[in-house]
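A quick write-up on the structure given underneath.
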Amino acid sequence: MAVYSVCVTTGPYLMAGTLDNISVTLLGTCGESPKQRLDRLGRDFATGSVQKYKVRCPAELGELLLLRLYKERYAFFPKDSWYCSFICVKAPDGTCTQFPCYQWIEGYCTVELRPGTATTICQDSLPLLLDHRRRELQSRQECYRWKVYAPGFPGIIDVSNFEEMETDKKFALTKTAPCTDQGDSSGNQYLPGFPMKIDFPSLLHMDPNIRYSATKTVSLLFNAIPASLGMKLRGLLDHKGSWKKLDDIRNIFWCHKTVTSEYVTEHWCEDPFFGYQYLNGVNPVMLHCLSSLPSKLPVTHDMVAPSLGPDTCLQTELERGNVFLADYWILEEAPVHCLNGRQQYVAAPLCLLWLNPQGALVPLAIQLSQNPGPQSPIFLPTDSYWDWLLAKTWVRNSEFLVHEHNTHFLCTHLLCEAFSMATLRQLPLCHPVYKLLLPHTRYTLQVNTIARATLLNPDGLVDHVTSGGRQGLLYLISTGLAHFTYTDFCLPDSLRARGVLTIPNYHYRDDGLKIWAAIQSFVSEIVGYYYPSDASVQRDTELQAWVSEIFAQAFLGRESSGFPQRLCTLGELVKFLTAIIFNCSAQHAAVNSGQHDFGAWMPNTPSSMRQPPPQTKGTATLESYLDTLPEVNVTCNNLLLFWLVSQEPKDQRPLGTYPDQHFTEEAPRRSIVAFQNRLAQISQEIRERNQGLVLPYAYLDPPVIENSVSI
């Protein structure tokens with residue numbers, strides 16, 4: 001008789017324990033144990049518990065290959081979901097084998113777990129294990145299905161599939177509280193103070209392993225409802241008129257100020273701060289260095305001579321690499337719609353900037369269309385105060401549109417959803433790339449489903465706050481994806497291609513490159529451990545199916561994008577994985593976390609414009625400026641969103657934090673520790689630098705970077 005010790009760890013999360021019966025079978029190279037119920041005196045499988053059981057076999061089983069878990073009904077109790085963290089089995093000879101689980105197990109079912117040692121398909125030779133890989137992927141591909149949201153969009157998760165599975169009794173979301181808010185006949189609901197519909201049904205029917213935790217859900221609701229009710233009670237959310245004076249905008253979030261938001265309020269109209277935001281604001285990816293001026297922006301030296309000074313020549317500055325362009329061409333044909341029954345407007349400006357001898361980036365000239373001519377004047381710093389401020393505000397509105405739709409939502413949220421989907425569908429749990437990427441997919445499918453239910457849905461938030469509304473969003477995202485390239489996706493390549501490697505005080509670049517290098521070193525060690533050669537990469541059919549699905553679903557099979565369709569070398573794999581992890585974590589933090597800081601003062605980031613771009617100079621006044629900015633209720637709706645998405649989550653997992661030990665071998669665990677140490681060093685360097693800055697840049701400080709796109 002051989003006796004195996006089975007130690008079961010239940011997760012620490014709210015309602016992680018179960019009352020259901022749990023039984024196990026151990027499968028080894030020399031046989032299979034009888035099915036045995038895990039039962040001991042007292043409560044079994046309580047939240048956070050670590051409990052040991054004995055499993056008796058007629059003979060030793062040899063090397064353990066699988067652990068089969070049976071979750072079955074207990075007496076008259078209803079189904080009770082269970083979060084199993086991991087199970088450790090100690091053989092009679094003292095050998096310990098850890099079986100990672102780290103998932104919710106719903107309903108009555110059988111789950112098969114493999115030992116924690118990561119393996120590619122090339123390393124599995126036993127038919128039992130190959131069949132297990134096949135069945136696991138088949139099951140997940142039936143569960144996680146692709147859906148086309150709109151033409152030209154990356155593929156998204158088909159949430160309706162979960163509702164069908166629940167109806168068919170394949171899934172049981174037993175611990176989801178029913179929604180009791182009033183709504184319309186389609187199931188759309190209204191949160192108190194929110195003017196837009198929320199498609200709650202699409203949020204409820206989701207696999208619990210991709211849903212928000214109860215802690216995070218409660219946190220979001222408690223953040224959202226008081227803020228929106230406060231605006232509602234003060235009448236701001238219902239006020240459809242213009243702001244009477246600029247200072248009134250200060251009162252929207254009088255109790256939610258930050259050091260940066262206060263700085264923005266004081267300096268928003270200054271040219272150096274306008275330029276600073278291209279480097280360290282929420283959209284630090286727009287600048288391109290110029291060696292010559294484009295024909296569509298006919299700026300002459302005489303126009304900008306007062307800004308350059310008597311001893312500086314525009315052509316010389318171009319040759320020195322000190323002149324930059326922010327081109328909002330993508331907005332030229334963007335559709336517009338109405339807010340509060342009033343037509344809105346969009347411009348497609350060209351903004352010329354100069355790096356002056358003091359190291360400050362300042363605007364030299366602004367043209368509010370892509371077509372020069374008498375009706376598209378070039379605005380200059382020497383124009384009247386209100387003319388120049390209005391031109392800069394039009395650029396800031398364009399910044400808002402490009403940032404929110406493309407830099408933020410498309411390039412982090414939507415693409416990272418596609419990466420998450422392909423990882424879930426094409427890589428089994430035992431695959432090293434699955435183990436590497438899983439922490440960087442946490443909550444991404446859930447948060448994007450929420451975004452589509454609250455922002456992108458008809459009559460959602462986008463329709464209430466932006467010049468283009470939902471149709472404008474669909475256009476900008478599809479157009480942006482059609483022009484997005486692998487160079488844009490990889491930070492070092494993007495910085496090099498844009499010619500911005502030497503601009504001083506570009507903290508986003510400096511911090512981003514350090515984090516990229518740390519991720520690259522970590523990924524290189526993991527890849528090198530599991531893939532001994534280029535040939536091992538090429539032979540991994542699961543890996544090739546994964547990258548192929550990403551190319552087809554995320555980038556719609558567009559070869560001109562430059563994204564890989566197949567991975568042939570270790571270097572290609574390391575670069576692709578590095579870029580994915582960076583964009584799922586650091587890049588999202590850089591373009592998301594500062595939205596409240598830079599947008600709380602609405603004139604710095606207006607979401608819509610109510611007057612057309614000026615076609616002549618000398619007409620702007622304070623009154624016309626206020627009549628161009630968004631109305632009061634539009635402003636409040638947008639600032640509420642900025643505030644919510646900038647909140648630090650209650651169950652945050654910072655970059656490099658891996659509490660779930662999917663890797664059980666010593667080598668990858670040493671690599672994780674080295675990665676964490678490097679991130680700690682980067683954090684120390686950032687904080688020391690920030691002590692000497694008037695406006696600290698902390699969005700890429702590793703402890704405040706979330707591992708994944710989770711908000």
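The count begins at 1 with the first shown residue.
A Cβ is built for glycine as well, from the same backbone N, Cα and C atoms used for every other residue.
Database features, via TrEMBL:
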BINDING   GLY17, ASP80  Ca(2+) 1 binding site
BINDING   ASP39  Ca(2+) 2 binding site
BINDING   HIS408, HIS413, HIS588, ILE711  Fe cation binding site
DOMAIN    2-119  domain 'PLAT'
DOMAIN    119-711  domain 'Lipoxygenase'
Whole-number Å value for how far ASP39 (Ca(2+) 2 binding site) lies from HIS588 (Fe cation binding site) (Cα to Cα): 46
Separation of alpha carbons, ASP39 (Ca(2+) 2 binding site) and ILE711 (Fe cation binding site) (Å): 40
All-chain count of other Cβ atoms within 10 Å of HIS588 (Fe cation binding site): 24
Those binding-site residues listed as ASP39, ASP80, and which of them has the most Cβ atoms within 10 Å of its own Cβ: ASP80
Residue pair HIS408 (Fe cation binding site), ASP80 (Ca(2+) 1 binding site) - Cα distance, angstrom, rounded: 38
Confidence summary (mean pLDDT) of the domain 'Lipoxygenase' (119-711): 89
Sequence-distant neighbours of HIS413 (Fe cation binding site) in its chain (C-beta under 8 A, six or more apart): THR444, VAL447, ASN448, ALA451, HIS588, VAL709
Other residues, Cβ within 8 Å of HIS408, HIS413, HIS588, ILE711 Cβ centroid (Fe cation site): PHE409, THR412, CYS416, VAL447, VAL591, ASN592, VAL645, VAL709
Cβ-Cβ neighbours of ILE711 (Fe cation binding site) (radius 10 Å): 21
